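Here the structure is laid out as structure tokens; the discussion comes afterwards.
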Amino acid sequence: MEIPHKATVLVIGGGPGGSYTASALAREGIDIVLLEADVFPRFIDLDETFVNYGFVRKNASHGSLADTDFILQPGADTFAWNVVRSECDDLMFKHASNSGARAFDGVKVTAIEFDPLDESAIDDHPGRPVSASWKAKDGRTGSISFDYLVDASGRAGIASTKYLKSRTYNSYLKNVASWGYWRGATPYGVGTSVEGQPYFEALQDGSGWVWFIPLHNGTTSVGVVMNQELATQKKKSSTVTSSRAFYLESVEGARVISQLLQPANLDGEIKQASDWSYNASSYGSPYLRIVGDAGAFIDPYFSSGVHLAVSGGLSAAVSIAASIRGDCPEHTAWQWHSQGVANRYGRFLLVVLGATKQIRARDSPVLNSEGQDGFDDAFAVIRPVIQGTADVQGKVSAREVLDAVTFSTNAVRPSAGGQNVVLEESSRSLRSQVEQEMGDVANSLAKAYKDTDVYEGLMARLERGSLGLKAVGVMG
């Protein structure tokens, strides 16, 4: 099938966010073209595909911060999946095609062309996107015009970085990650009700944390996420020289996980990435929606990336469908999407900041109170954000969401004595700067926070065949 010259909606990027957007809009009978640069090995009815594929179910998560059950209301559907990311992306990409989108992999968008907007437009953007140039891995080139554009291009974020120039970084969450796949690891919680579940553990020196996630193919993903500056300091003082050796040395700093890996062997080479947290001043402009990592990224903690990608993908689809159907003007539709992404990002950022502060504080109380051994009370409050139910209509009340935001805001604000962050002796000079940055972020988010995804009296209408926006209080 040849890449067409015209589409109603062009989606750049076939990851979770882009594939979700494409699936949701294609099911509405809207003409969708989905372009993905790489070649791949509930609303869009993907659940059954994941269930039948054999991914390991993630019923709960446990960690050294607390042996805490993240299930909100136990039941048949209160689980997620531990997935091989490439296989997960492939399933979602194919689902978009099966839903009616014209999907092409191995095709990279190299440039976006814009037309000037009306003089009445006051937003700071290059204009209305009207076409895109592409290049395929086999050497073919071409262009495609469209009415609407969705940028789900991942961290490259072509719209934010190249045209809108709206990306900013959060220096407190400048992390580096390294991970590998192990065979023969002892499952976590053998002989208990949580046997085989993922486990997350803070490093003993407070420099980061380690994940331990069993996969359906018999391997276990083990990754180390570490503050970049602290990682640099540790490498300088370490006796090892290779990245692989430093990864293995770092894993030893997680006592429980290192024990689980005693009988295991590292399968293949380790992988590395810079996990720098960033966000944007807006997540779109007229006829443009920005989704997932293309607009914002926080941290692997609590799997925030996938949730923000999928919820943002649905938000983009809802707002585009609303614009096409005339539910509201386009300037209202794109701003509804942008505000919703900002709200969800803000909620998750506060929770991740609180967890990160607790990791670095080690034994000092951040998410708990003096004398409290665990963090069950804290997670009972922030659970709606971690699970994403804060973004699902009718699942939790606005009061519960607001409580989670308030709790997280208070947790990451600087304490009066400035003693909540405990770092290695070599990095104690970072304390005052870290405290101030976290306080500034918390204050800004708390000030800007809105407890529901309602903009100018509009909320999502999640009905197949009439996807779009409706006035708050209107049935159907």
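Residue positions begin at 1 at the first shown residue.
The backbone N, Cα and C atoms fix where each Cβ goes, glycine too.
Listed features, source Swiss-Prot:
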BINDING   GLY14, GLY17, VAL306  FAD binding site
BINDING   SER304, GLY305  chloride binding site
Inset, instruction - Can you tell which of GLY14, GLY17, GLY305 has the least company, meaning the fewest other C-beta atoms within 10 angstroms of its C-beta, among these binding-site residues? - result: GLY305
Legend entry - Whole-number Å value for how far GLY14 (FAD binding site) lies from GLY305 (chloride binding site) (Cα to Cα): 15
Legend entry - Neighbour count (Cβ, 10 Å) for VAL306 (FAD binding site): 18
Legend entry - Cβ-Cβ neighbours of SER304 (chloride binding site) (radius 10 Å): 24
Legend entry - Distance from GLY17 (FAD binding site) back to SER304 (chloride binding site), taken between C-alpha atoms, in Å: 12
Inset, instruction - Using the recorded FAD site (GLY14, GLY17, VAL306) as reference, state which further residues of the same chain have their Cβ within 8 Å of the centre of those residues' Cβ atoms, listed in sequence order. - result: GLY13, GLY15, PRO16, GLY18, SER19, TYR20, ASP89, MET92, ALA152, VAL291, GLY292, ALA309, VAL310, GLY313
